[in-house]
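Noted in Swiss-Prot for the protein shown:
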{"type": "CARBOHYD", "residues": "Asn271", "note": "N-linked glycosylation site"}
{"type": "CARBOHYD", "residues": "Asn312", "note": "N-linked glycosylation site"}
{"type": "REPEAT", "residues": "152-172", "note": "repeat 'LRR 4'"}
{"type": "REPEAT", "residues": "222-242", "note": "repeat 'LRR 7'"}
{"type": "REPEAT", "residues": "267-290", "note": "repeat 'LRR 9'"}
{"type": "REPEAT", "residues": "291-313", "note": "repeat 'LRR 10'"}
{"type": "REPEAT", "residues": "344-369", "note": "repeat 'LRR 12'"}
{"type": "SIGNAL", "residues": "1-16", "note": "signal peptide"}
Amino acid sequence: MWPLWPLAALLALSQALPFEQKAFWDFTLDDGLPMLNDEEASGAETTSGIPDLDSLPPTYSAMCPFGCHCHLRVVQCSDLGLKAVPKEISPDTTLLDLQNNDISELRKDDFKGLQHLYALVLVNNKISKIHEKAFSPLRKLQKLYISKNHLVEIPPNLPSSLVELRIHDNRIRKVPKGVFSGLRNMNCIEMGGNPLENSGFEPGAFDGLKLNYLRISEAKLTGIPKDLPETLNELHLDHNKIQAIELEDLLRYSKLYRLGLGHNQIRMIENGSLSFLPTLRELHLDNNKLSRVPAGLPDLKLLQVVYLHTNNITKVGVNDFCPVGFGVKRAYYNGISLFNNPVPYWEVQPATFRCVTDRLAIQFGNYKK
């Protein structure tokens, strides 16, 4: 069993980058560029960290569900084979960990009295039913982790205080209009690993959201959704079935600085489609079916990282990455991956990478037919 005293501190420092669901400790780790903190990203006036413990009532140390570990307003009831949310949870609890159990339903009064709860972890249960008022008492909830369950829809009536929702690896096929209504503080949603198709997003499904981060990876998308929040800084659509990027696919997403499209079936990127991303810094197009370097990369003045490995690229032109002349690009590349492409790297002119910080930033070779 993990010691409990560091959990609250770690959760307060967590970054909203849920690339992969792991153990509880890994909820707090970040394997990429740092995100804006909750307050900066959402524009909310409320603080983004754990509530000031001095402002809360004293800890009711005698109240701890059987088999659980309770300390410093953290209640850890993971890996106990629980069939339901336990009773006798202290009302001053700020973090409730119920992952890796056999809970199948969240009932109306399961969280009654937990008005100070900041984070709720329900990962890897068997939840298929949630009462429409189950989350009503959680007026201060900011982080809800309910991945790896049996949900077929987004839970109704999510708390308006919510900042981060992780609901990947469920059975959700539809995102209806209004399901996120009133969630003005939300800045991060991880909903990959659901059998979502493009038609599953109703028009206006994300209306009102000012998201900073969205991941819909490992789904069934055949194109880039055109009605996502225009506030996005990060969009991850890797491991889908996207075949092309058309001219206006990215028109709405001018604030992106990281775009993940790896492990798709992209053969064509229409000329000019990348010009709508003036702040882009990192572009993942690895493991696709591209036959050439996408047009428009030299015009992205802030672009620093491009993943193009494992495609069908046979030629790299001298102006494919860098603009003509000096002083045009505001940030030099520090990573270009071209390995596992049928391009004869010995034929590539050295001037091709004149705007790269270091030759070690370029990855070539290792192509096998």
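Backbone N, Cα and C define each Cβ position, glycine as well.
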### Query
Does Asn271 (N-linked glycosylation site) have same-chain partners at least 6 apart in sequence with Cβ under 8 Å from its own Cβ, and which are they?
Leu247, Ala295, Gly296
### Message
For Asn271 (N-linked glycosylation site), which of the three DSSP-derived states applies: helix, strand, or coil?
### Response
coil
### Task
Grab the same-chain neighbours of the repeat 'LRR 9' (267-290) for me: Cβ-Cβ under 8 Å, and only residues 6 or more beyond its ends, written as numbers and ranges.
33, 238, 243-251, 253-261, 296-297, 299-313, 331, 337
### Task
Would you mind giving the whole-number mean pLDDT across the repeat 'LRR 4' (152-172)?
96
### Message
Using a Cβ cut-off under 8 Å and a sequence separation of 6 or more, which residues in the same chain sit near Asn312 (N-linked glycosylation site)?
### Response
Lys289, Leu290, Ser291, Asn341, Pro342
